[in-house]
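Peer 1: Quick one: this structure, given as structure tokens, is what I'll be asking you about.
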Amino acid sequence: MPAASVAAPPADPAPPGTSPAPVAPVAPVAAGPVVARTRDELRMARRQLTDGDVAVVMTMGALHEGHATLIETARQRAAHVVVTIFLNPLQFGPREDLSRYPRTFDSDMEICRRAGVDLVFAPTPDVIYQDGDPGVRVSAGPLGNVLEGQARPGHFDGMLTVVAKLLHLTRADTAYYGQKDAQQLLLIRRMVGDLDFPVRVVSVPTVREADGLAMSSRNMYLTDSDRETALCLSRALRAGAAAAAEGPSAIRRAARSVLVREPLALIDYLVLVHPSTLEDVPEWYRGEALLAVAGRVGTTRLIDNLPISVGPSGGPLEVFSDVDSAGA
Ligand code: AMP
């Protein structure tokens with residue numbers, strides 16, 4: 001629902017024989033989204049979203065243009081949009097950046113207001129985990145142990161557990177996620193399919209800065225020189241994609257040659273994998289693959305990826321073709 005408008009009060013009837021006095025138009029009031037902090041507030045606000053389908057965009061706050069694009073895409077397709085803002089302690093390791101993660105609630109709300117969000121659910125951890133740490137959690141399985149899962153043990157179990165809870169609490173019909181977090185997106189699709197969640201998952205292409213850097217809340221940690229260094233990640237992906245016609249080892253080689261020229265980026269992995277198994281694609285492979293990179297720049301761990309079509313007329317893709325996506 002777009003911003004609420006206030007109906008003009010009924011005008012006094014004009015005396016007979018005179019024309020009615022002009023009534024000043026009442027400007028629509030750009031009402032912001034309803035904010036729910038508790039389960040009861042969410043339940044009450046969600047109950048109002050009756051006429052049409054409900055989309056959810058889940059975030060950890062510190063919203064940027066990438067989040068805004070998810071929200072706007074959802075806004076164009078669904079009758080109502082719910083945004084969740086929740087820093088989920090369950091998906092952060094003990095040495096990760098939970099305590100310093102940027103918290104920018106006021107500007108987050110402004111982005112939500114401008115994008116016509118109906119409802120923002122911004123709970124604290126005790127609202128989500130009302131009985132303390134959950135004993136029962138969603139297991140990401142083997143796909144949760146590779147790539148990001150290898151670097152961040154338990155991350156994907158914690159992420160899926162909160163996604164499951166937020167899907168139940170918001171009762172969304174559709175959920176929008178960014179291709180930026182490719183492994184997360186894959187695991188959410190798997191959970192929804194494997195466990196029969198009644199929700200449609202839609203992916204949205206990665207939104208980038210003009211120079212190619214993938215937008216991320218964590219970019220706020222980067223110094224100017226870190227930011228310059230960080231560009232090697234997206235450059236490597238583009239270089240890999242430019243070699244798509246020559247096959248997997250050419251793609252890996254082209255991407256790696258960019259990364260080795262930037263010793264200040266401490267690369268954790270650079271892989272070309274099958275989009276649904278996350279296994280390295282063999283040299284004979286032709287078709288869609290995920291070129292993914294992760295590394296540390298300064299004190300900040302960054303990830304990026306590019307869907308690629310491998311083969312004679314290959315190159316970069318916005319999103320994979322066989323999934324429900326909001327790509328071009
Ligand atoms: P986060 O707040 O980082 O958990 O992200 C919330 C959602 O926004 C996730 O679905 C992310 O994949 C998505 N997202 C984050 N950055 C981008 C980006 N640069 N482009 C598209 N989606 C993004």
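Every residue gets a Cβ built from N, Cα and C, even glycine.
Quick paste from TrEMBL:
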ACT_SITE  HIS67  active site, proton donor
BINDING   60-67, 178-181, VAL207, 215-218  ATP binding site
BINDING   GLN91  beta-alanine binding site
BINDING   GLN91, GLN184  (R)-pantoate binding site
COMPBIAS  10-25  compositional bias 'Pro residues'
REGION    1-26  region 'Disordered'
Peer 1: Of GLN91, GLN179, GLN184, which binding-site residues are close to the residue listed as 'active site, proton donor', meaning a Cα within 10 Å of its Cα?
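Peer 2: The binding-site residues passing the 10 Å Cα test: none.
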Peer 1: At the level of the C-alpha atoms, what whole-angstrom distance separates GLN184 ((R)-pantoate binding site) and GLN91 (beta-alanine binding site)?
Peer 2: 11
Peer 1: Taking the recorded positions MET60, LEU63, GLY66, HIS67, which residues show a Cβ-atom distance to ligand 1 below 6 Å?
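Peer 2: Cβ under 6 Å from ligand 1: MET60, GLY66, HIS67.
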Peer 1: Just counting, how many other CB atoms are there within 10 A of the CB of LEU63 (ATP binding site)?
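Peer 2: There are 25 such Cβ atoms around LEU63 (ATP binding site).
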Peer 1: Are there any residues at least 6 positions away along the chain from GLN179 (ATP binding site) with a Cβ closer than 8 Å to its Cβ? List them or say none.
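Peer 2: Residues satisfying the criterion: LEU185, SER203, VAL204, PRO205, THR206, ASN305, PRO307, GLU318, VAL319, SER325.
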Peer 1: Minimum Cβ neighbour count within 10 Å among the binding-site residues GLN91, GLN184, SER217: which residue?
Peer 2: SER217
Peer 1: Report the same-chain neighbours of GLY66 (ATP binding site): residues 6+ apart in sequence with Cβ closer than 8 Å to its Cβ, ordered by sequence.
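Peer 2: Those within reach of GLY66 (ATP binding site), by Cβ under 8 Å and sequence separation of 6 or more, are GLY178, LYS180, THR206, VAL207, ALA214, MET215, SER216.
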Peer 1: Measuring Cα to Cα, how many angstrom lie between MET60 (ATP binding site) and the residue listed as 'beta-alanine binding site'?
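Peer 2: Pair distance, Cα basis, whole Å: 11 Å.
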